[in-house]
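Feature annotations, courtesy of Swiss-Prot:
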{"type": "BINDING", "residues": "Thr14, Thr15, Ser16, Thr268, Gly311, Gln315, Gly412", "note": "ATP binding site"}
{"type": "BINDING", "residues": "Thr14, Arg18, Thr268, Gly311, Gly412, Asn416", "note": "ADP binding site"}
{"type": "BINDING", "residues": "Thr14, Arg84, Glu85, Tyr136, Asp246", "note": "sn-glycerol 3-phosphate binding site"}
{"type": "BINDING", "residues": "Arg84, Glu85, Tyr136, Asp246, Gln247", "note": "glycerol binding site"}
Amino acid sequence: MTEKKYIVALDQGTTSSRAVVMDHDANIVSVSQREFEQIYPKAGWVEHDPMEIWATQSSTLVEVLAKADISSDQIAAIGITNQRETTIVWERETGKPIYNAIVWQCRRTAEICERLKRDGMEDYIRNNTGLVIDPYFSGTKVKWILDHVEGSRERARRGELLFGTVDTWLIWKMTQGRVHVTDYTNASRTMLFNIHTLDWDDKMLDALDIPRAMLPEVRRSSEVYGQTNIGGKGGTRIPIAGIAGDQQAALFGQLCVKEGMAKNTYGTGCFMLMNTGEKAVKSENGLLTTIACGPTGEVNYALEGAVFMAGASIQWLRDEMKLISDAFDSEYFATKVKDTNGVYVVPAFTGLGAPYWDPYARGAIFGLTRGVNSNHIIRATLESIAYQTRDVLEAMQADSGIRLHALRVDGGAVANNFLMQFQSDILGTRVERPEVREVTALGAAYLAGLAVGYWQNLDELQEKAVIEREFRPGIETTERNFRYSGWKKAVKRALAWEDHEE
């Protein structure tokens, strides 16, 4: 009898590193998770220690195999999914980072972005990379590191320094520096990659003065990139066979592989992606055009809207405002009041993402009267997640010309029934919550498993996509539109709050 085989997904997120073991029926066998430190050197700056990312991720891999009581020779393949855009530069020789990882949320490169706009680069960037000029993406972060670490640009030119997003960093460490690769989905988030020619863009590299020698090789999201022998008992070399940025992995894990299928992930931020097939749809409504995975991990395109603050705004209620002691309590308190009593919370703590793209917006609470209590504010904070999702969905429907009939949802906050019902109410659309919530890890596992023949094709996976609960709209159109118009008014007043040089 042959030994049972499994797939491991490594899910390197913004606040924690996780490892998930899955069996052939896409059941979760074991999970290991470790949080790591968030570093805030200045207001609006966010960093991680790349060595801590590696330490937490590698230890979860060892731990998850021990928990499942399986040896490394029972692992058919490893798939990697990661927080996107987060930028690491390290020495080729030693594997040591020259600076902390600059995280996707970090706004320190706003001035570099203003300069790109002044240089008339907006249309070029939108047309060739699919992105908008914003500190969110990796390109300006790489430039910042090269500008601020003495001698680094010259070293990069000599081939002594390497750049990578988190996937690239992990694979470099897992293969002891033998493999320097990324996949199309992660490359498409750097603002350095041409999504039409599927190659690094020389004009962008020149504009940001980034030597091409630093950049990883870009490969498909489902193929064998290299082998690793990390991971507990048994010294087998395990193929690393799938890579996708977290949102594209979730889209694949939800099996949204056909044109017009969409999902929203409610994590630290909120991310809605709609697969547009083999056609790159240019957005006229502040969305991103990005690369997604087709049925076999090949290049498809997607429209994406990013909301920076979703679960993070609930953490704010807990950690800074001390209104709740546990994120799960937010649902209980929100349902203790019948509405928000006219209050809107705009959680623009680090600016606003799609479709506004205003790094100078700041958080605000509007509509406060004497009768407002903490429950109203908790409820309004939860509702803000649903309103921001509607902002994005409206833009998507306008760009693609596709009316969405159902939204698939995943991420930590989907356990909140109040939020899911309000989401359906405010969209006027069915919201489908899957049985397996770990869709990001699932996507990475599927991509890796397909690459090594563990699963033959997506048809094999379709029956595993069980919808656990469907939420349907429960309010009238007039009420829906009235509430949403209040949100629009609140956002308008939060825009451009921080002064900046014109």
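Note: Cβ is positioned from N, Cα and C throughout, glycine not excepted.
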Sequence-distant neighbours of Gly412 (ATP binding site) in its chain (C-beta under 8 A, six or more apart)
Tyr266, Gly267, Gly311, Ala327
Among the binding-site residues listed here, Thr14, Gln315, which has the most company in the form of other Cβ atoms within 10 Å of its Cβ?
Thr14
How big is the Cα-to-Cα gap, in Å, between Asp246 (sn-glycerol 3-phosphate binding site) and Gln315 (ATP binding site)?
20
Quick check: in three-state DSSP terms, what is Asp246 (sn-glycerol 3-phosphate binding site)?
helix
Of all the binding-site residues given, Arg18, Arg84, which has the fewest Cβ neighbours within 10 Å once its own Cβ is left out?
Arg18
By the count of other Cβ atoms within 10 Å, pick out the sparsest of the binding-site residues Thr15, Gln247.
Thr15
Do you know offhand how many angstrom separate Thr15 (ATP binding site) and Asn416 (ADP binding site) by C-alpha?
20
Tally every other Cβ atom lying within 10 Å of the Cβ atom of Ser16 (ATP binding site).
14
Taking 10 A as the limit, how many CB atoms besides its own sit near the CB of Tyr136 (sn-glycerol 3-phosphate binding site)?
29
For the C-alpha pair, I'd like the distance in angstrom between Asn416 (ADP binding site) and Gln247 (glycerol binding site), rounded off.
20
Work out how many Å separate Glu85 (sn-glycerol 3-phosphate binding site) and Thr268 (ATP binding site) at their Cα atoms, rounded off.
14
Taking only the Cα atoms, work out how far Ser16 (ATP binding site) lies from Arg84 (sn-glycerol 3-phosphate binding site), in Å, as a whole number.
14
Round to a whole number and give the Cα-to-Cα distance in Å for the pair Gln315 (ATP binding site) and Arg18 (ADP binding site).
19
Provide the three-state secondary structure of Arg84 (sn-glycerol 3-phosphate binding site) computed with DSSP.
coil
Count of other CB atoms lying within 10 Å of the CB belonging to Asp246 (sn-glycerol 3-phosphate binding site)
28
Sparsest Cβ environment (other Cβ within 10 Å) among binding-site residues Thr268, Asn416 belongs to Asn416
